[in-house]
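Down below is the structure, laid out as structure tokens.
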Amino acid sequence: MPSTSTARPNWLAGGLSAVWLVVVGVPILSMIVWGLTTEQAFRDAGPLAVPQVWTLGNVTEVIDRGFLDYYWNTAVVTVGSILLSLVLAVPAAYAIVRSKSWVAGASFRMFLLGLAIPAQAVIVPLYLIITEMGLYDTLIAVILPTVAFTLPLVILILSGALRDVPRDMYEAMTLDGAGSLRILLSAVVPMSRGSISAVCVFVGLTAWNSFIFPLIFIRDESKTMVTLGLREFQQEFAVDIPGLMMAVLLSAVPVFLLYVFARRWLIAGLAGVGGK
Amino acid sequence: MTAPRTIPRRTFLAALGAGATALATTSCSDDSNGSQAAADLDSAGDPAQASGELDVWVLQEDAVNPVSRASLDRFFGGTDVKANLITEPNESYRDVLQTIIDQDERPDIFFNWGGGSIRSYVRAGLVEDLTPYLEEDSEFKNAFLQSVLQAGQIDGAYYGIPMRTMQPKLMFYNTALFDQVGLEVPTTWQDFLDAVDAFAAEDITPVAVGAADQWPLLMWFEYLTDRLGGAQVFQDIAEGTGEGWAHPAITRTVETIRDLVDRGAFGDAFASVAYDDSGPLLSDGRAAMMLSGSWEYTNFLEDAPGFVTNSLAWGPFPALEDGEGDPENVAGNPTNYFSVHADSPLKEVAINYLKQEMASDTYVQDLLDVGDIPAVANIETLIEGHEHEEYFGFVYAMAANAPNFQLSWDQAIARPQAQPMLEAMENVFLGNLDAEGFVQANEDAAS
Amino acid sequence: MGYVLPAVVFFTVFAVVPLVLVVVLSFTSWPGFGDIRWTGLDNWERLIGDERVRESTGITLALTASTWLTQTPMAIAIGVWAAGRQRNRAVLSTIFFLPLLMSSAAIAVLFHRFLDPNYGMARDLGPLIGFPDGNILGTAHGAFLVIVFVSAWQWVPFHSLLYQAAARNVPTVLYDAATIDGAGRWDMFWRITLPQLRYTVVTSSVIMIVGSLITFETVLLITGGGPGGATRILPYLMYSAGFEAFEMGYASAIATVLVVVATAFSLLIVRFSGFTKMRSTLEGM
């Protein structure tokens with residue numbers, strides 16, 4: 001509740017927050033501590049104590065098992081998905097907001113209904129389509145459905161922002177003789193920078209975390225993404241808990257760095273996804 | 001190994017009018033592998049008389065792949081046949097084979113697990129029947145362990161030639177813990193029960209089992225059913241003959257397992273244990289016994305070499321005093337097989353390759369060197385002097401002397417029934433299903 | 001304007017066509033290779049008589065209900081609290097939102113290890129929460145609670161964020177007026193904050209419910225649908241039928257049920273809270 005309401009401490013909310021702090025903090029702290037010790041030291045200390053040996057050796061171990069390839073593939077999918085999303089959605093949102101034709105209105109309604117399609121549920125026909133297109137076992141097979149299933153929300157976010165662009169501005173530019181493409185690139189894109197950030201965050205995180213698409217569409221180990229790589233590690237490391245914890249930790253490092261250096265942007269983007 | 005693959009199922013989509021234009025633009029056919037059409041047919045199977053490319057599909061395994069490669073080079077070296085060894089990771093092998101088996105990129109020779117793993121392909125006419133070749137050449141047939149060869153039969157015919165290690169399931173023991181309670185490693189069921197009670201009383205988990213992954217439970221069902229009712233019981237289940245799941249031996253198996261769980265044979269948290277953690281329970285001295293595949297030895301060597309030297313023992317599944325099954329019967333993965341694609345233009349050459357190479361001394365020796373125990377007859381002399389002679393000799397003898405080598409149930413029955421069966425087994429262990437419920441669940445899945 | 005067409009075509013090929021195809025495939029038999037055969041109503045007759053489908057539907061609904069009932073109050077409480085602007089709140093919220101940075105797969109792998117009775121914390125922490133042997137994942141209710149808990153751990157931060165943003169937008173004048181009336185903090189929460197958050201509740205609930213219907217990685221990586229099928233939710237059953245048993249036709253029938261349930265839920269919430277209001281919130285995003 002806004003601080004203006006009262007100066008009295010809010011014991012209930014504070015208490016709940018303390019509980020949540022423990023719930024979130026303990027697993028994350030354990031992961032970090034366990035990931036920085038050796039298998040033997042971990043076994044000697046047990047899961048609840050602070051281990052006696054500290055090492056970065058698990059990092060090498062995880063990288064030796066091909067983690068850098070997984071990073072690279074994940075990065076390709078993430079960047080590819082973001083770019084394709086923007087290329088498709090920015091013009092579409094612009095058309096939806098500006099055009100008076102029934103096509104634009106119908107498209108918007110289609111995307112609205114598309115919000116409710118669960119991607120997992122159509123994985124079998126997607127598999128059929130992907131194999132049919134000869135895309136099986138390529139990173140493109142992950143990018144295309146990822147973009148498709150984020151498109152409805154992306155278009156909602158962008159068209160919401162474009163509606164806020166003053167109508168006079170479009171008209172003024174049109175009078176100046178600017179073509180629609182120029183209006184799009186020189187006015188619309190800069191003015192909806194905030195929503196474009198939100199789209200990047202949303203599509204980026206969805207792609208970064210994608211699991212079922214690479215699970216079904218990728219078989220070559222050298223094309224595996226970080227998420228699926230963790231599943232491999234779960235079996236390979238087995239009782240080498242420190243090794244596995246380091247892998248989990250490393251899987252989150254890029255997003256964590258983003259959080260550290262661009263926290264406001266990331267959080268604003270995430271909040272923008274749900275609407276304000 | 002990653003040739004682009006297209007599946008010309010376009011007619012189906014086109015019939016639906018579903019985005020056909022979008023699909024057509026991106027679909028491209030793969031002509032790089034036109035060799036199969038160009039290959040010369042050669043009935044004698046002499047590689048020197050043939051030409052073309054021969055694709056051999058195997059699991060991606062660092063140790064075994066070079067052995068296969070060397071074997072192909074021996075047979076095809078200097079001929080006009082280019083033999084490609086195409087490797088696929090274990091997790092995706094079935095899926096990829098499934099996708100490709102009826103396409104232009106299909107393999108000529110392919111690795112498989114026999115049984116349910118190729119039954120649908122056999123029935124679709126995609127796998128060459130090898131029975132005539134084995135029948136006309138007794139030397140070829142007798143080169144392999146007959147129990148293993150038979151385990152690969154489908155509908156009474158042979159479709160696979162054993163190509164690598166056998167993986168019977170057997171008992172592993174931690175002798176340090178047996179010393180601690182003053183017992184010998186069990187040979188009979190009564191010994192086993194005594195050991196269970198003794199360890200339970202000492203608060204040591206008697207038997208490690210990774211129940212959270214379901215499939216490790218299968219081994220207990222396989223052996224108990226076999227020991228109690230004989231090999232025919234499951235044979236009937238797999239083929240849908242006789243009493244099927246309703247056989248009294250299944251009921252007794254379920255009751256025996258319930259009794260073991262109630263005695264605390266598997267400890268109190270077995271249902272939370274993953275398979276990967278169950279081996280370490282034995283080598284860590286937290287559990288005294290374990291039923292697992294022969295591959296477990298390799299895991300122990302890798303993770304706990306000291307344990308292998310000091311306190312690892314092994315033996316067959318205990319004999320049940322009042323059971324009808326032969327105590328020499330074995331359950332497990334009899335072996336992996338090479339099958340030949342029925343549409344391969346180099347079929348005869350491929351079969352001749354299997355005939356010449358799969359039981360050759362060089363091939364067998366190469367496999368032994370990487371830790372595989374092939375299902376080839378009379379290789380005791382080759383095993384002698386091996387680094388792990390004791391273990392290898394035991395496993396080989398176990399398989400060689402087995403009157404029946406039962407393929408793992410989940411591989412032997414139709415795939416759609418496997419998951420419900422494993423789940424029902426887990427529910428028996430958890431105490432959620434009694435014998436009647438177990439039989440019912442499996443019959444429901446089969447209908 | 002042609003600007004909308006690429007997006008529409010793309011969405012049609014990869015989302016609308018699959019949606020139609022999943023229904024079509026439910027009337028066929030297809031093992032993932034070779035021909036697709038029409039089998040009429042076979043899959044549907046089997047589905048109606050399939051005990052496992054019934055169980056899975058029940059589990060899915062129970063999981064969805066539990067998810068909503070646990071996550072919504074927590075997310076509102078944390079979101080409203082985090083909307084405050086004191087210094088310690090900023091620091092604490094930084095920690096609160098950490099789970100957002102991890103993938104479902106990473107979170108599942110993490111908790112799977114924590115919950116191992118021999119090598120994880122389950123034997124030490126289990127007794128505190130009613131599992132004396134540390135056998136949490138091995139019991140039906142334990143495994144179910146784990147899935148609910150892990151989902152909450154992962155998703156409460158995201159929903160808190162939505163509520164935080166919404167709570168910050170509540171006009172201060174409303175609170176000022178109430179303070180003059182002598183209303184307490186509790187009163188103000190019920191009379192001002194919560195009503196002001198109602199559109200966010202709808203948005204968050206739709207995301208939460210549709211999301212929990214398709215919880216998949218968490219189940220696959222932590223329980224594998226076990227023990228004994230206790231967490232075998234519909235998406236897992238569909239995956240298992242399609243990509244383990246290679247009965248793509250039957251998997252499609254299960255998927256169709258899933259689509260229908262998900263759509264019904266979204267429509268119900270939207271209707272319950274007023275369709276036009278919902279649309280205007282969405283459009284106003």
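Each residue, glycine too, has its Cβ placed from N, Cα and C.
Residues 36-44, 247-249, 252-253, 255-256, 259 of the same chain sit 6 or more residues outside the transmembrane segment (C:7-30) yet have a Cβ under 8 Å from a Cβ within it. Residues annotated as transmembrane segment in TrEMBL: C:7-30 (among others).
Feature annotation from TrEMBL assigns domain 'ABC transmembrane type-1' to C:57-269.
Residues of the same chain lying 6 or more positions beyond the ends of the transmembrane segment (C:59-83) and with a Cβ under 8 Å from any Cβ of it are 89, 92-93, 96, 144, 147-148, 151-152, 155-157, 159-164, 166-168, 189, 193-194, 197, 201, 204-205, 208-209, 212-213, 215, 230-235, 261, 265. Annotated transmembrane segment per TrEMBL: C:59-83 (among others), in sequence order.
Residues or ranges marked as transmembrane segment in TrEMBL: C:95-115 (among others).
Sequence-distant contacts of the transmembrane segment (C:135-156), counting only residues of its own chain at least 6 positions beyond either end whose CB sits under 8 Å from a CB of the stretch, comprise 59, 62-63, 66-67, 70-71, 74-75, 78, 99, 102, 104, 107-108, 111, 115, 117, 122, 126, 129, 208, 211-212, 215, 218-219, 222-223, 226-228, 230-231. TrEMBL lists C:135-156 (among others) with the feature transmembrane segment.
Sequence annotations record features per position, and here TrEMBL assigns transmembrane segment to C:199-222 (among others).
Taken from TrEMBL, the feature transmembrane segment covers C:248-270 (among others). Remote same-chain residues near the transmembrane segment (C:248-270) are listed as 19, 21-32, 36, 39, 43-44, 46-47, 53, 57, 60-61, 64, 202, 205-206, 209-210, 213-214, 234-235, 237-239, 241-242, 278 (criterion: CB distance under 8 Å, separation of at least six residues from the stretch ends).
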